[in-house]
Amino acid sequence: MNISKLIVVGIVALSLSACGNKHNDTTAPSPSAAVKADSANIATLYQNYCMSCHGTQLQGGQGPNLQKVGERLDEAAIIKQIQKGGGGMPPFQVAMKDEELKALASWLAQLK
């Protein structure tokens, strides 16, 4: 299993492990909890906006393979592509919040 697949599996696992874990703790989350929340958020974003075209393992399908997208595009170029779309990809500028778009693009840019 290559590193990209492990990353996606880890993000999905974190996302699923967060389901149903409600508690009323008023303390601030630890840094590791914040990282897990970010990972879960990115997994949810990918599932909601990307997976139907780019596949469950970023392998592509209707859209291109994203497993090593960071080798081809930097974060700014990924943000622009997500915002504006093009080449068959719909624009997501209105659908996604700026923070969501930046988090997703940052994660994708690290895939090398």
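Glycine residues also receive a Cβ, built from the backbone N, Cα and C atoms like all the rest.
Remember, TrEMBL labels are computer predictions, not curated facts.
Keep in mind the model is a prediction, meaning the values are calculated, not measured.
If you check TrEMBL, you get these features:
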type	residues	note
BINDING	Cys50, Cys53, His54, Met89	heme c binding site
DOMAIN	37-112	domain 'Cytochrome c'
SIGNAL	1-20	signal peptide
Additional residues surrounding heme c, by Cβ distance to the Cys50, Cys53, His54, Met89 centre under 8 Å:
Tyr49, Met51, Ser52, Gln62, Gly63, Pro64, Leu66
Whole-number mean pLDDT, the domain 'Cytochrome c' (37-112), equals 95
Please work out which residue of Cys50, Cys53 has the most C-beta neighbours within 10 angstroms of its C-beta, and give that one of the binding-site residues.
Cys50
For the domain 'Cytochrome c' (37-112), residues assigned helix / strand / coil by DSSP
44 helix, 2 strand, 30 coil
Could you tally the C-beta atoms, other than its own, that fall within 10 angstroms of the C-beta of His54 (heme c binding site)?
22
Within 10 angstroms of the C-beta of Met89 (heme c binding site), the count of other C-beta atoms across all shown chains comes to 16
